[in-house]
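> What follows is a structure written as structure tokens; I'll ask about it next.
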């Protein structure tokens, strides 16, 4: 019964062990579904299920009929035009990272948006080129592109015509990798394994994208300086690229350098204005579009290409190219890279989509996102585009300019379409250094994530370490290997967190039923002879030894060592008793022959296995008090502990190895007369122990109690009862029923003897 009194309460109930609670409250017999049961549900068919599947595969059927034309259309039009202009420029710029002609970036900015419009579940992200993916695809392109000396031979043996250029081969590699990554994403979505995103934490994603921004920055330097820098894809490639840049720095094209620096300065200033006055501006200033128009006009008007020998975008083919089949040989060589591209693309898109779904309160489906992105990449690659996800800056433009649904995304695709089929030629005089500068202008947000380190260090040092190591791995090893190493390191930190848990010794706070770490509070009460030990993590093969050592440190002695010394002393006592040299006195057991000497060699030759067995004194005519002085200066450590409580409320599982170790540890305590109790374990935990035959004559299932307080009260009652057995004048103790006083103390309702006097 619970009686509330103001902001306090009174609880009156029996002291429950797990067995006693189970006897009083019978558990329901529940049917646990088997694999066949789940299979039947999956294979069953109904009209509602078919409708639900159709709506999940085509989310547009759910939100398009509910579209509010008067309220949303104008906002989506403004957002679509703004996003489309940014998408054009980013498509051209990020194509440079793939090391293919800029015009192919427009295909990557068009096809994924169309597919995602029908299949995506997010209303706000802008699908298309993403610098990190472009870098990863570019690394594969560079690795597989033949050198100039062998290009002609390899191209003649490929499916392409003999007059195909190296650029076309690069496009084929990029498209093939994109198709393969799309197939991987599609299969993951069909198999419903979108949960893989949970293995990539926010700290890992932040560190990885920041490192990718540094890679993008370094890779764009050669376009800003117009230097002939060979591509590197192996580990330490970023340092090799920097070395090549600095060794050729005197060959810098001054016109490209000055242009790019001016563009960067203006873009950074205007973006800062947009950020600071976003509440007052109706729409952000489209600085990328303005600078592109100005830079293109200046370059064309002053003939920068011929006067200063700058690198320009060049020929922009009108219209679309016919779809092409992927190269199966490239499939075989890029399966690992494609898997990494598929995972990174999905994680980035899902992370950004999750932010907007929480902000605007609508659901997104990870598995459907995989299907949408997979088909987007398959179509994009078939039409010679490259891998797509979502760029943070472009999605920010779509959302901040008032985009309500993917209608804005469809309109942005129409803007890209107009550039592809009609006005793309106007961008032919545009300098590549301008595209590089515009790409770097969009990296500010990614580079600013360096400030995450301080915040993470204050909140969680493990997350901060994950961020730092992810950044280092991605910088040193490259994006592909860096991601794999970062995931492995992140999983390793989980092992460390559970392998070295912060175990603690608990005590009673304010003489109530609340138990906290005894180091944290001043008004702590620890029952005499009782130790309460808490383990805050699962116990498994890797941390069972750490758990054992922490427990030994908490109680102040090693039970196995004491057990061996007691058994060793018992052998000596038995020998003295057989010789009739022992006498029992009120002060203890004494030896009547001071001249008797035992053979230390004989005692040292005792088998260790024998010393580990339970202590058996039934053959002796007296009881041995192990905390009293023993004859012939027999040294056995004295211990005051009589009860040990293990708080397993945070222990979610035990494996077989740790189960054996735990049972051995409990047996050692029990054999030296220390009662062990386990509290807070759920029923499944106990059932698993029963199935694994954990209990025997020594370790019994009666050691489990519901709470720490139940175990403490049980110990106090047990000790009072034990003391009364040896006092014949004492009256029979009444049944104890402990409750909590309204002032937080403990009292006995039957005899009104405060239990707090025993603390």
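Keep in mind that glycine also has a Cβ here, set from the backbone N, Cα and C atoms.
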> Quick one: which of 316-333, 370-387, 388-405, 442-459 does TrEMBL have down as transmembrane segment?
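My reading of TrEMBL: the transmembrane segment range is 370-387.
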> Which stretch does TrEMBL mark as transmembrane segment, out of 77-98, 275-296, 517-538?
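Based on what TrEMBL states, transmembrane segment spans 77-98.
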> In TrEMBL, which of 465-496, 561-592 is tagged transmembrane segment?
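Feature transmembrane segment in TrEMBL: residues 465-496.
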> Are the transmembrane segment (195-218) and the transmembrane segment (370-387) near each other by the rule of at least 3 C-beta pairs under 8 angstroms (pairs 6 or more apart)?
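By the criterion, they do not touch.
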> Would you say the transmembrane segment (104-120) and the transmembrane segment (195-218) are in contact under the rule of three or more C-beta pairs closer than 8 Å, pairs 6 or more apart in sequence?
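Contact between the transmembrane segment (104-120) and the transmembrane segment (195-218): absent, because fewer than 3 Cβ pairs are under 8 Å.
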> Counting only residues 6 or more past its boundaries, what in the same chain has a CB within less than 8 Å of a CB in the transmembrane segment (77-98)?
104-109, 113, 126, 128-131, 134-135, 137-138, 141, 170, 174, 216, 219-220, 223, 283-284, 286, 288-289, 292, 313, 386, 391, 393-394, 397-399, 401-404, 407-416, 419, 427, 430, 432, 435-436, 438-439, 442
> What mean pLDDT score does the domain 'STAS' (520-715) have in the model?
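Value for the domain 'STAS' (520-715), mean pLDDT as a whole number: 84.
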